[in-house]
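Novice: Take this structure, written in structure tokens, and hold onto it; I'll ask about it next.
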Amino acid sequence: MPLAQDAPAKINLGLHVLRRRPDGYHDIETVLHRIDWADTITATPADTLSLTCSDPSLPTDRDNLCLQAAHRLASACDVPAGADLHLEKRVPYGAGLGSGSSDAAATLRLLARLWDVDPTSETLQEIGRTIGADVPFFLQDAPAAYATGRGDTLSPLSKDGASYRLPFSLLIAVPSAEIATPWAYDRVTPAEANRPDLRRLVLSNDLSRWDEALTNDFAPPVTTAIPAVDAARTALRATDAACVSLSGSGSAVYGLFEETAAARAALQSLKPRDLRTHLMPAPN
């Protein structure tokens with residue numbers, strides 16, 4: 001019987017690129033929030049490691065983050081790297097939704113179960129950091145976190161003594177454009193001054209302020225360079241969304257709605273367009 005693990009995507013609630021670091025990466029600050037759009041990875045025991053994928057355009061060799069995660073976990077735990085993995089891909093990649101990083105994190109969790117190993121959370125986090133800056137977020141249980149450094153220094157977000165969860169309905173629209181993160185960083189202008197307090201802003205749950213103050217520094221260069229992203233953002237702004245933003249470095253844009261009915265109406269209005277969409281209703 002195969003073991004299975006879901007790999008949920010994320011959105012960014014604000015994203016500030018603060019400075020370029022000596023190692024070539026950038027220091028950022030953002031709030032990451034897990035969503036219910038997810039891939040699924042299954043694993044069955046095998047003598048060697050292999051990967052298949054429902055999306056034939058994705059690599060299934062060592063370029064795939066799932067296999068990188070598998071090999072690094074096997075090395076860290078000193079066990080043979082054997083499993084037949086299958087990735088059922090639902091979340092678009094190259095969209096700023098963290099799907100590749102989430103797939104890697106899910107692979108680490110899944111193979112720890114399959115191989116009956118119990119690495120510490122610190123070991124998993126260290127492996128995750130070698131794969132991608134978003135991987136540590138997907139290895140934590142908290143649904144939302146304030147992220148700094150490369151995006152891998154995390155403080156779980158809480159409100160009124162409980163884990164923070166987005167109280168609004170979320171509609172994501174993804175145009176048919178993939179954006180490489182290094183390309184986006186080459187076009188962004190870092191800035192440290194006059195930044196709002198992202199944590200306080202998010203925890204306020206004040207959508208009337210979010211649309212103006214919850215900014216993403218990638219939005220200006222990405223929407224200028226890629227008309228499809230700008231068109232998706234314009235389409236969402238034509239709905240009753242109270243806040244519209246880019247996720248990560250794009251290409252996904254999202255709208256937040258006070259009422260689920262308004263989000264469902266917006267979803268219908270986007271159907272004629274060349275967009276992949278996903279609706280996450282507000283929690284009851």
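For all residues, glycine too, the Cβ spot is worked out from N, Cα and C.
Feature table excerpt (Swiss-Prot):
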ACT_SITE  Lys10  active site
ACT_SITE  Asp134  active site
BINDING   Pro92, Tyr93, Gly94, Ala95, Gly96, Leu97, Gly98, Ser99, Gly100, Ser101, Ser102  ATP binding site
Novice: For Pro92, Gly94, Gly96, listed as binding-site residues, tell me which one has the smallest number of other Cβ atoms within 10 Å.
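Specialist: Output over binding-site residues Pro92, Gly94, Gly96: least Cβ neighbours within 10 Å is Gly94.
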Novice: Would you kindly give the Cα-Cα distance separating Lys10 (active site) and Gly100 (ATP binding site), rounded to the nearest Å?
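Specialist: Distance between the two Cα atoms comes out at 11 Å.
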Novice: Going by a 10 angstroms cut-off between Cβ atoms, which of the binding-site residues Gly98, Gly100 has the sparsest surroundings?
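Specialist: Candidates: the binding-site residues Gly98, Gly100. Fewest Cβ atoms within 10 Å: Gly100.
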Novice: An 8 Å radius from the center of the Pro92, Tyr93, Gly94, Ala95, Gly96, Leu97, Gly98, Ser99, Gly100, Ser101, Ser102 Cβ atoms defines the neighbourhood of the ATP site; name the other residues of that chain inside it, in order.
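Specialist: My list of surrounding residues reads Ala9, Val91, Gly248.
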Novice: According to DSSP, does Lys10 (active site) sit in a helix, a strand, or coil?
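Specialist: Note: Lys10 (active site) is in a strand by DSSP.
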Novice: Could you give the Cα-Cα distance between Gly96 (ATP binding site) and Lys10 (active site), in whole Å?
Specialist: 8
Novice: Tell me, by DSSP, whether Asp134 (active site) is helix, strand or coil?
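Specialist: For Asp134 (active site) - judged by DSSP and reduced to three states - the answer is coil.
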Novice: What Cα-Cα separation, expressed in whole Å, is found between Gly98 (ATP binding site) and Lys10 (active site)?
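Specialist: The Cα atom of Gly98 (ATP binding site) is 6 Å away from the Cα atom of Lys10 (active site).
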